[in-house]
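Record features, source TrEMBL:
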- S196: active site, nucleophile (ACT_SITE)
- H36, H145, E382, Y421: Zn(2+) binding site (BINDING)
- 8-450: domain 'Neutral/alkaline non-lysosomal ceramidase N-terminal' (DOMAIN)
- 452-619: domain 'Neutral/alkaline non-lysosomal ceramidase C-terminal' (DOMAIN)
Amino acid sequence: GVSYKTFAWRSDVLNRLQSKYGSLYRRDNVILSGTHTHSGPAGYFQYTTFVLASEGFSNRTFEYMVNGIMKSIEIAHTNMKPGKIFINKGNVDGAQINRSPTSYLWNPLSERARYSSNTDKEMLLLKMVDLNGDDLGLISWFAIHPVSMNNSNHLVNSDNMGYASYLFEQEKNKGYLPGQGPYVAAFASSNLGDVSPNTLGPSCINTGESCDNANSTCPIGGPSMCIAMGPGQDMFNSTQIIGRIIYEKAKELYASASQEVTGPLASAHQWVNMTDVTVWLNSTHTGKTCKPALGYSFAAGTIDGFGSLNFTQGTTVGDPFWDSLRDQILGKPSEEIKECQKPKPILLHTGELSKPNPWHPDIVDVQIITLGFLAIAAVPGEFTTMSGRRFREAIQEEFATYGMPNMTVVVSGLCNVYTHYITTYEEYQAQRYEAASTIYGPHTLSAYIQLFKVLAKAIATGTVANLSTGPEPPFFKQLINTLIPNIVDRAPTGKHFGDVLQPVNPTYRMGEVVEVVFVGANPKNSAEILTHQTFLTVEKYEATSATWQIVHNDASWETRFYWHKGLLGYSNTTIQWHIPDSAQPGIYRIRYFGHSRKQDLLKAAVIVSFESTSSTFEVVTAL
């Protein structure tokens, strides 16, 4: 998935920060990192591969994201106060499996023998408190893919890491709705490239047998039958189970964190042309990174979500049909790129495609921030388990060589820009999904190690000021506009937006689902005018004060908001409330907040806000 991860807006954010705060926040000390979900809005990353995947570039989404990032930085800046940071780490069990175990086995036996598992189980957590010891927030890193929600999901959802964050914040921000309140719990990505939360592992959905093989394929039905599930009965349940495991470990580490992080702050950042790095493999031999390309197995997808064209993982030979189709539509890949990317059979030679804009980034951010003995290495992609281990160790050694021994290095994934995956050289030979998506070729990891060692040395020797900035990334003016047209919303004759089409029942019990259907309008309109903070509320009547109290919003796990698009601008909105066992008996109602797009002849379109309320209903303990 290339959804909620990618930041072409970094330059935009940095420009706005500079105009507001001067030189306080800069490219070297600001990291933009995706906490990562595959169920987010798309269409804001400027490279053509992603623009095509999201059916066009959406300026509206882009602006909304940049504004949101800016707002969160402004809130943090305003609330800044002296405090302390405590660090803790511990293993999270039962939350992950390696989704390319056969690739992992290509790594040298002597290297694998040093580790007890084919995934990194360690969570590293920073606890932040003020000088009175009162809680401010946390940030933790753990290697797991947020794909508990699979690709059949169409709801905007923050997945397992988001659910962990939600649980922690709900506990710390008592009396606040989700997304509100002072306490922030950030669960960040680490070297999760080959790590899946679908702990039951891959099996053939038609026969039930395991398909944990090098090609992730089933005897009957091929690769599209091979899907990893678990641990719950459905994806919502699995998201909760995995999210809770992560949350419980974070809670435990948070409670017992006693080692204080002290010492100076430092940061180093460079832009690098990743298509042209010469890598020293040893004292006599060099290798080179390549212009970006995606291999055949990229199109296969993974056991967490397969591709739609029946490609197979572990493909090391091209197919004449797809090759000729590609050559006719996009032109032939050069001999140079084919040679450089070997043994990857090239499906898309993105590095040689530049219409209407480059298909993949050439210029990539490398960045390290150090807090005392902790080094946060901001990497622009998804490192596999073993890649992350080699990378951390190399940076640690570099710090030690230049007078900073015992540094703790954390891999912070999906930062600043998105460049897909980074496997080890050995895993690359196997050409499963992660390797096929290692876009700069077999020496990608070695190149990153080399580049990050430069940053570590500069910090350790106090020579950051002498680092070159490197080539600035491009900013594209002409982007493919969204292929999804903005049409006016229409309500059926005699009806208005928000009118109830299917009412609620008068009474419900705990565990039941309240459902109400309204005349709807495109939820995208709400990104343009921020009249409402939520698409929905569940409200309880308080007789003593004769007021309605909001108990849930659209970020609550108990609520779901479905938009059903009809023809010619007609649509319905279904709102569900899955009544939790913790609900108080009483009188409730559900409210819907929307925006419709209206256009009069020869006039510019306007966005009109509306709101609506279901009839009241009673929640009882037993009927």
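Every residue gets a Cβ built from N, Cα and C, even glycine.
Note: TrEMBL annotation is automatic and uncurated.
Candidates H36, H145, E382, Y421 (binding-site residues) were compared with S196 (active site, nucleophile); those inside 10 Å Cα-Cα are H145. When the neighbouring Cβ atoms lying within 10 Å are counted for each of the binding-site residues (H36, H145, E382, Y421), the highest count belongs to E382. Summarising the environment of S196 (active site, nucleophile), the number of other Cβ atoms within 10 Å of its Cβ, over all protein chains shown, is 24.
Mean per-residue pLDDT, taken over the domain 'Neutral/alkaline non-lysosomal ceramidase C-terminal' (452-619), amounts to 95.
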